[in-house]
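K.L.:
Below is one structure. I have some questions about it.
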């Protein structure tokens, strides 16, 4: 391409600016007969329909091939299959992901005749032996994964790329082993990626109508973008990245509309309100509706109860708080557990060492720890600090009361003082003090603060989360996951957190301990309780907060976790399933040819943009304006999708796996098509947007990749399929492989495959 000197254009006014700034369609045509005959045939609607039909048929064939294998629970099917069973049985559960995709699995299971009795407890559990209609449930992601392929094709076509280029991007997804493996199992990613691709498609259709603003079709695609975006967000927690992507694109769009040459402020505010309705209000209402259905389908007590607040739990029928919560009275002996870690407040006769490993000195007081098992050393008696009647409601412990807690086995009161705790020098040590020694009476006084309680509210077992705040130093009793050394039997540290309202310093009384011959009149006097009501928005807000907290808390190590820097290069995968007898395995890994093509395309794209910026800085324009617009606007949007769905993972400390990269991989496949278009043709299909009543006509031009485009696509598809077929036994989990065959499939030394043959040196 020859360099062109930049020309200074006169700007006659608002309409010229509006016409020239972006692409649009018109009725002035360049003679298309100069294009290669193959190109003209492929660009017909009939040819495009045939290509879509072939791509879709192949996608369904590859994703449904032996979908009944293995007939066992695979990888995270232990979670998402289990959640489907909870929907069918109506039992409340907790998960870090929003419910939309899981609701679809529940619906698919219900349609398939699943009764919810099988709970997907362990990887390898047999579906066939337990009569689970798992194929119907796996069919849902397989259908969505298959339909993603034609959506990718449609995205490229609507963005102005030729049929061959669109098929090139779609083929990368079509023959990708990782996308296929994810789409054949009861997992969330196929739903996430399908609706993410629909969101991209709908937003591109909306943008193409920007010169016909506020028309019925414009509104339709705006609302469709919002609806698909909500479904993406509702499928998996990282679907929020799609919302961020569209949000950034909309902000850029609004910034352009704010230009005084584009119109008045009234004009800008009309656009702002329209986008607020279509891309904020509508998606949020749809997202809320997923949770409304979620709560409605889970009315009874289940395994998720303990994650929720007492007020939430009391809305679930059959919940233990409704059935067996008891008012706690003074002189009751109780057990107390930490809300998050579930350890009991515990003490024993052993004492803190005089000197810790870091040289700090302790009080040598009696150890107070967190212990994970039932034990009589978990028993504490509630003592009053005021006069109480012998009978009646005056003996009930209430919110705001100042109490003492007597450790029953050692006859000593819980105490904290201004001595550093064993593991955290900033927090206070918890210990005990002999009951008969009054010299440290004030250090044994604690205020009982019930969470979200009214004045005078009774303290109850199981249904009353509380914080225990020290009266003198105002620290709250707290614990954390780090274990104490051997001298404390590696139990959990209890210490005083200097924030009296620390949210993680939350405890609950588990039970009132009675003597064997003692009768409890509190049980007999309680009438049967009906589930309580709770405002939907309070339930929604509570669940959202817990989802974020627990998602961030997934920091435990995992043998197949990997860092984001490794993902684009396929340096490692995930072992989904193995069967030792037959030496079968499913190993999640992508198609090396497709993934490395995308890496090369990303590198070339960044290089082209950098070179273009440098050339324009020196008053040269090596790239024609329509081609540049396509690179910066269309491919730039794809690059935004890739970056927003990839970069945030570098900031996360939670467990990360290669399947988190699949949305970005789809975006990189779109960029790969854009780069191939740039390499093969000096022109593009331009303009592509729908011409408005006030936009000026532009001379239409066409992409012309000639015969070389179909040839390259054909060769590339053969290579993609060959690589796909070669590692297909790892994707489908069949057939079983010998040790030597496993070694041959390990194309990179970093892949950790099972059943590999040990290499022996030749003598």
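Cβ coordinates come from backbone N, Cα and C, glycine included.
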K.L.:
Could you check which of 102-122, 186-206, 312-332, 333-353 is flagged in TrEMBL as transmembrane segment?
P.N.:
186-206
K.L.:
Write down the single range among 709-728, 729-748 that appears in TrEMBL as transmembrane segment.
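P.N.:
Matching range for transmembrane segment: 709-728.
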K.L.:
Labelled transmembrane segment by TrEMBL, one stretch among 241-258, 259-276, 367-384. Can you tell me which?
P.N.:
241-258
K.L.:
Take the domain 'MIR' (394-451) and count its residues per DSSP category (helix H/G/I, strand E/B, coil), listing them in that order.
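P.N.:
Split into helix, strand and coil, the domain 'MIR' (394-451) gives 9 helix, 29 strand, 20 coil.
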K.L.:
Checking distant contacts: for the transmembrane segment (163-180), what same-chain residues at least six beyond its ends satisfy Cβ-Cβ under 8 A?
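P.N.:
Residues packing against the transmembrane segment (163-180) from afar: 42-43, 47-48, 51, 55, 58-59, 62-63, 145, 148-150, 152-157, 190, 193, 573, 588-591, 594-595, 597-598, 658-659, 662, 665-666, 669-670, 672-674, 676-677, 680, 703, 705, 709-710, 712-713, 716-717, 720-721, 723-724, 727-728, 730-731.
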K.L.:
Are there residues at least six beyond either end of the transmembrane segment (593-614) with Cβ under 8 Å to its Cβ atoms? List them, or say none.
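P.N.:
Apart from its flanks, the transmembrane segment (593-614) reaches 172, 175-176, 568-570, 622-623, 628, 631-632, 635, 639, 642, 665, 668-669, 671-672, 674-676, 678, 716, 719-720, 723.
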K.L.:
For a three-state summary based on DSSP, what are the helix, strand and coil counts in the domain 'MIR' (456-512)?
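P.N.:
Each residue of the domain 'MIR' (456-512) counted once, the result is 3 helix, 28 strand, 26 coil.
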K.L.:
Taking residues 6+ outside the transmembrane segment (241-258), which of them lie with a CB under 8 Å of any CB in it?
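P.N.:
Same-chain contacts beyond the flanks: 21, 196, 199, 203, 207, 225, 229, 232-233, 267-268, 271-272, 275, 279, 283, 637, 640-641, 644-645, 648, 663.
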K.L.:
Who are the chain neighbours of the transmembrane segment (635-653) in space, where the CB to CB distance is under 8 Å and they lie at least 6 residues beyond its ends?
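P.N.:
Cβ under 8 Å, 6 or more out: 200, 204, 238, 241-242, 244-245, 248-249, 552, 555, 564-565, 567, 602, 605, 660-661, 663-664, 667-668, 670-671, 674-675.
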